[in-house]
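Residues or ranges marked as transmembrane segment in Swiss-Prot (evidence: sequence analysis): 2-22, 28-48, 168-188, 210-230, 250-270, 285-305, 321-341, 424-444, 462-482, 590-610, 614-634, 639-659 (among others).
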Amino acid sequence: MLLLTLIFLPFLGSVAAGLFGFYIGRKGSVFITTLTTFLSCIFSLIIIYNSITNEYEYIIYISNWINSGLFNCNWCFLFDSLTMIMLVVVTSISTLVHLYSSQYMAHDPHLSRFMSYLSLFTFFMIILVTGDNFMQMFVGWEGVGFCSYLLINFWFTRLQANKAAIKAMLVNRISDLILLLGVLTIFYNIRTIEYFSTFAAISIVKDFKFIFFNYILSIIDVACILIFIGAMGKSAQIFLHLWLPDAMEGPTPVSALIHAATMVTAGVYLTARCSPMFEYSMFSLKIITIIGASTAFFASTVGLVQNDFKKIVAYSTCSQLGYMFFACGLSNYPLAIFHLSNHAYFKALLFLCSGAVIHAMGDEQDIRKMGGLRRILPFTYIMFLIGSLSLMGFPFLTGFYSKDLILEVAFASFSETGHFAYWLGTIGAFFTAFYSTRLLFFAFLSETNAYKNIIKNAHDVPLEMGIPLGLLAFGSIFIGYISKDMFVGLGSDFWNNSIYINPFNNQMIDAEFLPTFFKLLPVILSFCGLFGAFYLYFFKFKFLYNLKISEYGLYFYNFLNRKWYFDKIYYEFINQYILKIGYNVTYKMIDKGLIEMCGPYGLTTIFSFLSQQIILLQTGYIYHYSLLMLISTIFLINIIFFSIIYYFNIITILLFLFIFLLIK
């Protein structure tokens, strides 16, 4: 009963705030939604404590959902170690975001609707991580996509919010369709979509092949690649990352919830959940490693030149997701989930601090129009500093324990893809430290560039916003140290059967014996980025400006500022051709052509022509009508007295045509 209550409490809170918000008021909506999410958090902590102490796993059968032929799908909830970790992360971050939003959105007239959306978002994420099969997971998958549309477009009178929400929806629909194809591939070959049955049958079908355009492809490779592309869209990996920075158009608590604990982490969760499949597909693991490392490097370079406060933090999310994915590609799924849980706390802290800064600065998000906030917002500055240091991987903070270990495992794999991931991830760590320090400089450490009246009215966060920041700061400092041995400690049996790693792919032991130089290199480069940015922006700012306006510097700056021209390529080369095909083929040839000719216009034209031909038979001569009656009588007699085989016998047809010509 406790497990079902945990799942449906956020849904009840969402319904109460959404349907009865007018009657219970703004405070009532805030209280109910925050309370239900908080209770879910408490219950998830109780459940994971029982799981750790007693090694329990739970499967709750609710009912049969779909039963059609060979397709049988039940509505079940699975509670294993992976699910419980995700539940703790989702519900704890969601509770703090709810509490923060109660004050941050206090002056918004639609607060009840906003709180309802947040709770619904949390509910669908819980459905996603507790699903016992791919179909139930897909319900939660689509639910978080739908809720992200509602939340990004919460201020629906703003054109940019409309465009950002539609963009997020469209990009995710593409990846969701490919994910669905992956699920259908699994069902077609295994005849089930339940996790346990599917994973148990993988060893049987792993050698199945099929021919596609003269290429021999493995069933497992195709299914894994399709599932990974679905995860790429949800977790904003390179090529499908376009929606992530635009999602900053929503309220800041939405950004914190999406980036820290819900939507973008769903792809990493799905990859870890399908680890028994991926372990039999070395090709897909290599692709995941390359895509993850490329994303980590790409996003860290783009973050160097951004000036929007929230977009800098958003690109850091994209970069950190790359680390999680290439950890999965290196078959170290527990390490990826470890980094996911660590990242959730310091990323939520960074976003909520950015919301406090934007709120204090009168909704200004351009960091060039800030400065000097360390004196005006001292508490927010300290919290943001803790989150930034944890993001950089500063020694003994939460981010350090997972981020550096991912890079060590990458080098210890002793493979081309592993070393590719190590070097790109290490360079990405340098850039991460650089743009984090740049953000600190412009927002907090430099002389202020804000208007005088804004500085006068700026104030630090109230208690309702300060409590979540303090708790997240605690997590950003200690969670990594506390949970490291449980997540990735040698000999830890915490994960049981929820994650499978092929013994030949496990590099955790090898990572312990790396040369010291390769272990320390990411930390050294992070410090170089930290002190390098500090030195350049404090003492050599003119040098940076001259470098930027130089011939090659300007080209490089534009390349990064335009996000490697991905938007330009997609809009001008892909979207334009697709739109032209949509107009010239789909609209003009099919919709207004084939369908119209076979449909309304064609039928109207045919019947008009037939009516005109029938009119010609009305000659007004009685002998014409008598002759037609005679022909009709002969025709009917022919039908009655002869077999149906002779229905169209040649004599009758010739006679009918001859008389018809005489009439004309």
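Just so you know, glycine gets a Cβ as well, placed from its N, Cα and C.
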Looking only at residues six or more beyond either end of the transmembrane segment (424-444), which have a C-beta under 8 A from one in the stretch?
293-294, 296-297, 299-301, 303-304, 306, 309, 312-313, 315-316, 319, 322-323, 326, 357, 367-368, 370-374, 377, 381, 384-385, 388, 391-393, 403, 406-407, 410, 521-522, 525-530, 532-534, 537-538
List, by number or range, the same-chain residues at least 6 past the transmembrane segment (321-341) whose CB is under 8 A from its CB atoms?
82, 85-86, 88-89, 231, 235-238, 264-265, 267-269, 271-272, 275, 278-279, 285-299, 401-403, 405-406, 409-410, 413, 417-418, 421, 425, 428, 479, 483-484, 487-488, 495, 499, 501-502, 505-508
Long-range CB partners for the transmembrane segment (250-270) (under 8 A, at least six residues beyond its ends), listed in sequence order, are 82, 86, 89-90, 92-94, 97, 100-101, 104-105, 114, 118, 121-122, 125, 128-129, 137, 141, 144-145, 148, 151-155, 161, 164-165, 227, 230-237, 244, 310, 313-314, 317, 321, 324-325, 328, 336-337, 340, 343-345, 347-348, 351-352, 354-355, 358-359
